[in-house]
Amino acid sequence: MSSSSPSGLMARSALQFTVLAECSTTKARASTMVLPHATVETPVFMPVGTQGTLKGLLPDQLLALDCRLILGNTYHLGNRPGVSTLKQAGGLHRFMNWPRALLTDSGGFQMVSLLDLAQITEDGVKFRSPYDDSECMLTPEHSMEIQASIGADIMMQLDDVVDATHADPERFEEARHRTVRWLDRCLKAHQRPDRQNLFPIVQGGLDVDKRKDCARRLIERDTPGFAVGGLSGGEAKDDFWRMVHVSTNELPKNKPRYLMGVGFAVDLVVCSALGIDMYDCVFPTRTARFGSALIMKHPGALNLKARAFRLDFDPIDQECPCFTCQNHSRAYIHSIIHEPSACHLITVHNVAFQLRLMKTIRQNILADTFPQFIQSFMLANYPDKKYPMWAINALQAVGVQLS
Amino acid sequence: MSRRTHLLPGPYGQSWTTPLLLTSLKGGAVPHLTKETLAYMEIEPAFLAPAAPIVQQTEVLEKYQKGLTSFLGLPHQFSLMTPLDPSVPDRPGFHTQKSVALWHNGNKTSVTPEMYMRGVIAAQPSAFVALCDSETPVGASNKRKGKAVSKSLDFLDRCLLMKASEPRLSDSLIFGAIEGGYDAQCRAFSAKETVQRPVDGFLIDGFHTNGVTSGDLIWSDAQPLLQSILKALPDSKPRLYQGSCSPKMTLDLIEIGIDMFESSYVFHETEAGHGLIFPNTLKPVTSPDNGCHASLDKKVDFLDLKDPQFKDDFSPIHQSCTCYSCRKHTRAYINHLLATKEMLGPVLLMIHNLHHYQIFFRTIRECCETDSISALRALI
């Protein structure tokens, strides 16, 4: 696909992004994103396959769901199986036998969130290996080397991650500037721009001006897409949506925008209205392991461990086309809830749920019925109309009233 | 040597040729697999369903009405319901005069023949073993062994009576259990009495206490007893053996006349992170590489795929295997999945190991037809 790119300029990018339709009310858009391993329809949700596997599902099960883009975590994959094995295998696609597209994070987020002892310096993130206790350093160059061995269609820059609820404004200032400097080091170390895309990450904490400034400086680097980072970390939802809103206002319309770590159904609907194209989150697969099956209406999920489902012979969702809903009842899943097989059945359904929700969002954008869809979706999820204030505010900002 | 093949009638006009492998369910699923992933492999649609999860939700199956296999999403498949789960170690000391303790997920249910039959009627299995007492571990007292036999016969009579008066079970086969532990007299009595009853087959029970240790059967102790029991049984009725059976033990048991097995061996090997590679066909192995540093004269039944030696081994589990896992994935990938404790590791191993063991049974049936089981034995 990239080999067919006509000009020298295009050859620098392994991604073609085409906006097919824009919502006439909100900032939502429906697009196609052509990647080396798949053509992805956006808005898209990417299920998370941290360690080179999507939580018990065979790659063929993901293909059956028409999943086209999944996420892997660089920090974990760099540790196990490691760069040497990935290189010998010919990259993660071949190692895990996944023929479609992959996105990898930079490893920085895990480093800071998982490791107490991580220390950030100008050079990179210094940490003690949890495996052999040796001192390691993840630099922008090293992150790019691991991501090159993984061979994902989209790679993320190493960014200086600060918890959005962090109190120290000086630390945010430092992180914002350092993120731009690290982007330049990542771009320099990026070996295969014709096969892999590098996305920078908009930081800037919860400060409107700093978000804008960070976005503007990243845009100057002319990368194939952008991520909005540093959110979904426990900040107030009203801060969260404003930062998304500010970021998408700054980012160019002709490139994909990826909101990291977001995956609740309501968030996906609202943030799509704010102009986000890509999402990832562990939530749907993690909650499946706790027996929770997602549904399109209030209360949003069924806890299949509950005895209430003992005699419930309906599928999780009558309208869901997934294998689980076509073949099994809530009562059956409840009866095997302690077996790994139950987790597999719910994981299939929850991934199908996310993909189906995104497809519905996209179809409504294409038909220019997205505002009406938002209203009916919100009503189904909040039948008492007690909508969360942040969602009311966010949707109002893009011209949709919840009444 | 004795060689037996016979057709076992199934529901919906199916029939199976023995020696037959039943795939053991755990809870209500093939361990680690689902209907969707089972569809990626060819497997005999014949299952062993331990009774505990069934009797604990008799009420659910009664309301559901369409029987166990439909409830599991495996309709129209052969199912044999049996009192104990052969993959789970027994917990001795909980039986009473009138009941047998069945355990599931840490919950004990004391099951009487009446409760058991209520579960059978709700589950509508193709076949079932009558409720029995198999608590006769090595070293059990004579009194205990005698009790196990008399109680099992009493339970069998009551199950037979209830079956006879239940039209919904008119097509279900009933198996009687031969009990008595390691006691020739008890065994002879149990066999003689059970044969006189209108059963359709036999469970050769009570030689071990289930779980992974069932594979450690001391053959020299069990063999003479097994042989005399099997001689006392009519050739025309199938004999089921439950417990972990290595390839060699499987052939030993077939040779003395066992017809039906179950797959707990495959489950235990999968849980241990092993990939089966023992010779399961008569075809000469084209590649000498068994992927093991073991010397060639040492036969290995499996590879320990947790071993770091497979970290960069991009070959399939077994060179000539055509299963889904071997067609699609490598030892290196499975090694990684096991090292990271990812759920897909046991999924891929279960698919391969179950496939490998099924092919072994297919070969055994072919060998029975051509009288060449000794050729297979020479490879094991």
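Yeah, the Cβs are placed from backbone N, Cα and C, and that goes for glycine too.
TrEMBL: automatically predicted annotations, no manual curation.
Positions annotated as domain 'tRNA-guanine(15) transglycosylase-like' by TrEMBL: A:26-380.
Sequence annotations record features per position, and here TrEMBL assigns substrate binding site to A:ASP105, A:SER106, A:GLY107, A:GLY108, A:PHE109, A:ASP159, A:GLN203, A:GLY230. For A:SER106 (substrate binding site), other Cβ atoms within 10 Å of its Cβ number 30.
Classification of A:ASP105 (substrate binding site) by DSSP places it in coil, neither helical nor stranded. Counting every protein chain shown, the Cβ of A:ASP105 (substrate binding site) has 31 other Cβ atoms within 10 Å. Residues or ranges marked as active site, proton acceptor by TrEMBL: A:ASP105.
Across the region 'RNA binding' (A:261-267), the prediction's mean pLDDT works out to 97. Among the features that TrEMBL reports, region 'RNA binding' is placed at A:261-267 (among others).
Residues annotated as active site, nucleophile in TrEMBL: A:ASP280. A:ASP280 (active site, nucleophile) falls within a strand segment according to DSSP. Every protein chain shown contributes to the tally, and the Cβ of A:ASP280 (active site, nucleophile) ends up with 22 other Cβ atoms within 10 Å.
Same-chain neighbours of the region 'RNA binding' (A:285-289): 47-48, 54-55, 301, 343, 346-347, 349-351, counting only residues six or more beyond its ends whose CB sits under 8 Å from a CB of the stretch. According to TrEMBL, the feature region 'RNA binding' maps to A:285-289 (among others).
Annotated Zn(2+) binding site per TrEMBL: A:CYS320, A:CYS322, A:CYS325, A:HIS349, in sequence order. The DSSP secondary structure for A:CYS322 (Zn(2+) binding site) is coil.
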Notebook entry, point to check: Going along the chain, which residues at least six beyond the ends of the region 'RNA binding' (A:261-267) come within the CB cut-off of under 8 Å?
Noted result: 45, 231-233, 276, 279-284, 294, 296, 300, 354, 357, 378, 381, 388, 391
Notebook entry, point to check: Which one, from the binding-site residues A:CYS320, A:CYS325, has the smallest tally of other C-beta atoms lying within 10 Å of its C-beta?
Noted result: A:CYS320
Item checked: Whole-number Å value for how far A:GLY108 (substrate binding site) lies from A:CYS325 (Zn(2+) binding site) (Cα to Cα) -> 38
Notebook entry, point to check: Using a Cβ-Cβ cut-off under 8 angstroms and a sequence gap of six or more, which residues of the chain neighbour A:CYS322 (Zn(2+) binding site)?
Noted result: A:LEU65, A:VAL348, A:HIS349, A:ALA352, A:PHE353
Checklist line | Number of helical, extended and coil residues in the region 'RNA binding' (A:285-289), per DSSP | finding: 5 helix, 0 strand, 0 coil
Notebook entry, point to check: What is the three-state DSSP composition of the region 'RNA binding' (A:261-267), stated as helix, strand and coil residue counts?
Noted result: 3 helix, 0 strand, 4 coil
Notebook entry, point to check: Can you list, in sequence order, the residues of the same chain other than A:CYS320, A:CYS322, A:CYS325, A:HIS349 whose CB lies within 8 Å of the CB centroid of the Zn(2+) site?
Noted result: A:PRO315, A:ILE316, A:ASP317, A:PRO321, A:PHE323, A:THR324, A:GLN326, A:VAL348, A:ALA352, A:PHE353
Next item on the list: Can you check which residues sit near A:GLY108 (substrate binding site), meaning Cβ under 8 Å from its Cβ, same chain, 6 or more apart in sequence, and list them in order?
Entry: A:VAL125, A:LEU138, A:SER143, A:LEU158, A:ASP159, A:ASP160, A:VAL161
Note to self: So, three-state DSSP: helix, strand or coil for A:HIS349 (Zn(2+) binding site)?
What the structure shows: helix
Next item on the list: List nothing but the one residue from A:GLY107, A:GLY230 whose Cβ has the fewest other Cβ atoms within 10 Å; the candidates are the binding-site residues.
Entry: A:GLY107
